[in-house]
Each structure stands twice: as C-alpha cells, then as structure tokens.
Amino acid sequence: MKAIGILTSGGDAPGMNAAIRAVVRTAIYYGYKVYGIEKGYKGLLDEEFVEMDLSSVGDIIQRGGTVLKSSRCDEFKTPEGREKAVEILENYGIGSLIVIGGDGSFTGAKMLSNLGVATIGIPGTIDNDLAYTDYTIGFDTAMNTVIDAISKIRDTSSSHDRVNIVEVMGRNCGDLALYSGLAGGAETIIVPEMEIRTDEIVNKLKTTQKRGKKHSIIVLAEGADIDGGALALKKILTEEDHADVRVTVLGHVQRGGSPSSFDRILASRLGNKAVELLIAGKSARVVGMKDNKIIDMDIEEALSMEKEFDVDIYEMAKVLSI
Ligand code: F6P
C-alpha cells in the first residue's frame, strides 16, 4: 500500500498541529503509512522525511506553530523542481500528499496533482483569505490574540486620552482587522477592501471627541491602502487633530499561541476529511467549511474563486462605533 505524505507550507498558523495529528491518526487508523515532510516543499526537495507514528503526534493538539516546520521555496516553483519532487515521492513509495497552507501552497499541490501525485489541500493561514471556505485554520486564534491586544491597548489609551493605531496582519484580506476590530470595539476599522479617506478618519475622531470621548482605537489592516502605513497615518492625525497618537504593530505575535478550541476542532475535522478523500481515491481537492459543514472542492475551482468581503458587517461595525 502506498504511503501518505504530509507537509505544512507558507506562514504557520495555530491549529496546524491539530490538523497534522488528525491526518496522522486517521491514516494510521485505516492502515496507511505516513511520512511527515519537514519544512514544506523545500524539505520535500531536500528529502527531510520522517515516518510518523501515533505518538509522534501526541501532546501537540494544544501547541501553536507546526511541528513539521514550514518554509517558502523558490526551487519548487520551477518545472524541474516539481519533477524532482515527484521522483523523490516515488522513491519513498508516497502516492499521495496532504498540504496544509494557503493559496500559494495549494497552487503547488495542484501542480503536483497534474504530475500524478494525489493531493488534498487543508486551509491553514491566519489571513482567512481563501474564498471557498468560511474559515481557515488559525484565523480564530489570531483574531482572539488581536482582541486581547486591543483590550490591553484600550486600557492605556483611555488612561492617557490617546488615539492608538493597531496594525494587524492579513495581507490583502481585511477579515482579521474587521472581526477583531468589531469584537474589540474599535472606533475605526481600515481594510484593503473598503476605501476610506484620511479626512473621514480625522472627522470621526473629532466627532468622538466632541461627545467627550478622548481616546480612540483604530484597527488598520496591513494591506490597507494608506500611503506610508500606520506611521504616516499617525503623522496626519497628529497634525490635523492635534491628537496624541501611538502605533502598535502587532506583527508575528498574531501567528503564535495555543490554538483556540474552534481552530482545534476545525483542524481535526479537516485533517480527518482529507485522509478520507485520499482513501476514496480523490485528488486535486481542498477541504474547508461552509455553513458549519465540512466540504471539499476541486482545487482549481477553489483557487479561482474571489474572496467576498462582508460589507454588511463592516457597515454594521461603523454604526456600532459612532
Ligand atoms: O500569510 C500569513 C502572514 O502572517 C501574513 O498575514 C503576513 O503578511 C505574512 O504572513 C508575513 O510573512 P512572514 O512571516 O514571511 O514575514
């Protein structure tokens, strides 16, 4: 019987370990051999393979990061690199591969499936930027990390009557900023998907100040179209509003930490489903969650879908923060 390979690729996300555990345990339950491939596609090309057993995924469901490590790999993006990868997989008797990552990692999986390797993608990224699934593994935990930070910043913001800009990750997707901003009670949320002029931000601050509220939290998505980013925005607000402004760039703290129960359960369900699909002879598919149900979809179709930003929630957050 052919073995199953598993790797994590791209930026790590809390809950990846829970997904690895689910894949390994499900595969072993059904009698398959599993190889963990370390450091993503790079490790595949460098033959960093380790045979996994039940205990190699013991005590990891609660750990952030990925025990398989992750990387981004240029060599794998070349046709020669991918052919080499297929040859290596064949040498190890690995006929199918589970890839945990984001859209770049899925593109790699799709290409391998064209070369005859059965592949299934599991969405793992804090960005929640994959259109076909309501949630990606890691998003919920990252959102809670941001909310925790906002709450702490709010304490000091209020003590000093300051404006605090909190910059959050997400690449070109505003979900992390939107939902953490909403849950954290941010006065202003700035995302790549919605245009906002800096004079609107200034006016909002002035209105808030007029009704006696001197502190304000602005959640700024890293991909938002603000020339010069958080520091430039700070300068504008200081000049236009005479506000005392501080900037916090949350950075990689958002990528770490013990996964939330939501992420652990999602990861467990998706990992289990991915193996079941391979056993059923499926390939070039991704797993995800739609309306609280686990789904699977053709990988190319999933990658071609455009992520929809929830404008209704964005507008509602604006109403709630007047
Ligand atoms: O895709 C996840 C992510 O954390 C993005 O939100 C962020 O822009 C990027 O990765 C940072 O990448 P790196 O860890 O390579 O600096």
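Every residue number used here counts from 1 along the chain in the order it is shown.
Each residue, glycine too, has its Cβ placed from N, Cα and C.
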Identity of the ADP-site residue among ARG154, ARG171, ARG197 (reference: ARG21, ALA22, VAL23, VAL24, ARG25, GLY185, ALA186, GLU187, ARG211, LYS213, LYS214, HIS215, source: TrEMBL): ARG154
Listed co-binder of substrate (same site as THR125, ILE126, ASP127, ARG162, MET169, GLY170, ARG171, ARG246, HIS252, VAL253, GLN254, ARG255, source TrEMBL) among GLU193, GLU195, GLU222, GLU276: GLU222
Per TrEMBL, ARG72, CYS73, GLY102, ASP103, GLY104, SER105 bind ATP; matching candidate in GLY5, GLY11, GLY15: GLY11
Euclidean distance between Cα atoms of GLY185 (ADP binding site) and ASP127 (active site, proton acceptor), Å: 20
Entries of ARG72, ASP103, MET169 (binding-site residues) sitting next to ligand 1, with Cβ under 6 Å as the cut-off: MET169
Pairwise Cα distance for MET169 (substrate binding site)/SER105 (ATP binding site) [Å, integer]: 19
Those binding-site residues, out of ARG21, ARG25, ARG72, that come within 10 angstroms of THR125 (substrate binding site) at the Cα: none
Fewest Cβ neighbours within 10 Å, where candidates are the recorded positions ASP103, ASP127, GLU187: ASP103
Closest of ARG21, LYS213, ARG255 to CYS73 (ATP binding site), Cα positions, binding-site residues only: ARG255
Top Cα neighbour of GLU187 (ADP binding site) in the set of binding-site residues ASP103, ARG171, ARG255: ARG171
